[in-house]
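Everything on this sheet refers to the single structure shown next.
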Amino acid sequence: MFLNSLKLKDFRNYKSLQVDFSNSINVLIGDNAQGKTNLLEAIYILSMARSHRDNNDRDLINWSSDFSDITGEVQSKMGKFPLEVRITRTGKKVFVNHLTENRLSDYIGNLHTVLFAPEDLDLVKGSPGVRRKFIDSEFGQMSANYLFNLLQYRSVLKNRNAYLKNIKWIGNNPKIDEDYLKVLNDQLIDFGSEIIFQRFVLVKELEKYSYQIHKAISRNEKLTIKYASFSGIDDQSTKEEISKIFNNQLLKNKTRELFLKSTSVGPHHDDLKFSINGKEVGSFASQGQQRTTALSVRLAEIEMMKYETGEYPILLLDDVLSELDGDRQTQLLNFIQDKVQTFLTTTSLSDVERDLIKDPKIYQVKGGTLVNG
């Protein structure tokens with residue numbers, strides 16, 4: 001899979017841009033705050049219909065305009081076709097082959113991307129929310145069914161939390177519509193159990209690829225990745241067993257949730273556990289081991305996406321070479337060479353990096369403009 005070209009209109013600091021890309025490695029060189037990361041962000045939005053770093057779409061629009069437009073030509077096993085994301089002050093629309101897609105689940109999956117940025121260290125040492133965002137973002141690109149269940153679950157969760165928040169109390173007694181709460185619980189269990197079951201399957205697959213890559217670049221250290229959900233659930237559990245335990249947990253925590261006014265159990269509270277030789281990475285590993293783990297997982301993601309979709313994704317490397325030592329730089333660049341279209345940002349390329357990258361297409365980025373370097 002390749003992104004042949006990109007057009008930006010009033011996106012961040014880009015008033016207008018039209019650029020063609022190499023199917024190999026594209027290097028974006030420039031000082032800080034010139035637009036390198038903005039360009040990677042535009043490609044990510046074209047893939048996922050949302051930013052990886054900003055929750056407010058209005059901030060993506062150039063200050064002098066009322067809308068922003070991102071258009072790209074994708075080349076995949078399905079042929080060539082345009083994707084477009086149009087962002088206004090009041091919302092956004094997405095288009096595939098010039099036709100509006102009303103459902104996000106139908107749009108995502110047309111352009112597969114893997115993003116690797118310095119903050120990916122948070123993947124192993126950050127909060128569980130960072131890791132949930134990672135698996136939802138990547139698994140959602142690989143599986144339309146996973147994405148559908150995830151979006152439905154989030155919708156039901158939002159409705160359930162709103163209901164819990166608005167329950168009126170008379171003294172110590174809440175006035176509950178038990179029938180309505182049961183409908184919400186049943187929907188939450190249905191979609192949530194599917195998510196948990198699929199996460200176990202996909203995390204097991206991710207662990208398989210990560211283990212082999214990590215072993216090769218870490219002198220035979222053994223990396224394990226485990227999905228942590230409800231007590232009593234593991235990767236051998238059936239959907240029926242997961243549903244039963246989920247239901248029991250909701251019943252057990254009912255009083256607590258009425259006081260909290262939010263849903264305290266479910267896959268939106270689950271986590272990933274990374275271990276090297278049996279020791280938890282976030283707590284006991286060195287910074288070098290944490291970086292090797294993050295790198296291994298991202299490279300595994302590329303291979304897993306190839307296996308699941310039949311095509312390599314596009315790789316977005318946002319200023320990560322400066323965060324990696326020479327050995328890890330070599331491992332990364334050798335891995336992607338000649339098989340993955342890559343977009344790499346940096347303030348400068350060292351002589352070593354230039355030797356490692358074969359025939360890169362270099363762009364100089366300055367003030368929202370690109371010039372072939």
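The backbone N, Cα and C atoms fix where each Cβ goes, glycine too.
Residues or ranges marked as ATP binding site by Swiss-Prot on the basis of sequence analysis: Gly30, Asp31, Asn32, Ala33, Gln34, Gly35, Lys36, Thr37.
A Cβ within 8 Å of the Cβ centre of Gly30, Asp31, Asn32, Ala33, Gln34, Gly35, Lys36, Thr37, the residues given for ATP, is found for these other residues of the same chain: Asn38, Thr345, Thr347, Val365, Lys366. Residues near Asn32 (ATP binding site) in space but far in sequence (CB under 8 A, at least 6 apart, same chain), listed by position: Thr347. The C-beta environment of Asp31 (ATP binding site), restricted to residues of the same chain at least 6 apart in sequence and closer than 8 Å, consists of Thr347, Lys366. Neighbour list (Lys36 (ATP binding site), Cβ cut-off 8 Å, at least 6 residues apart, same chain): Leu28, Ile29, Gly30, Asp318, Asp319, Thr345, Thr346, Val365. Other Cβ atoms within 10 Å of the Cβ of Gly30 (ATP binding site) number 22 in total over all chains.
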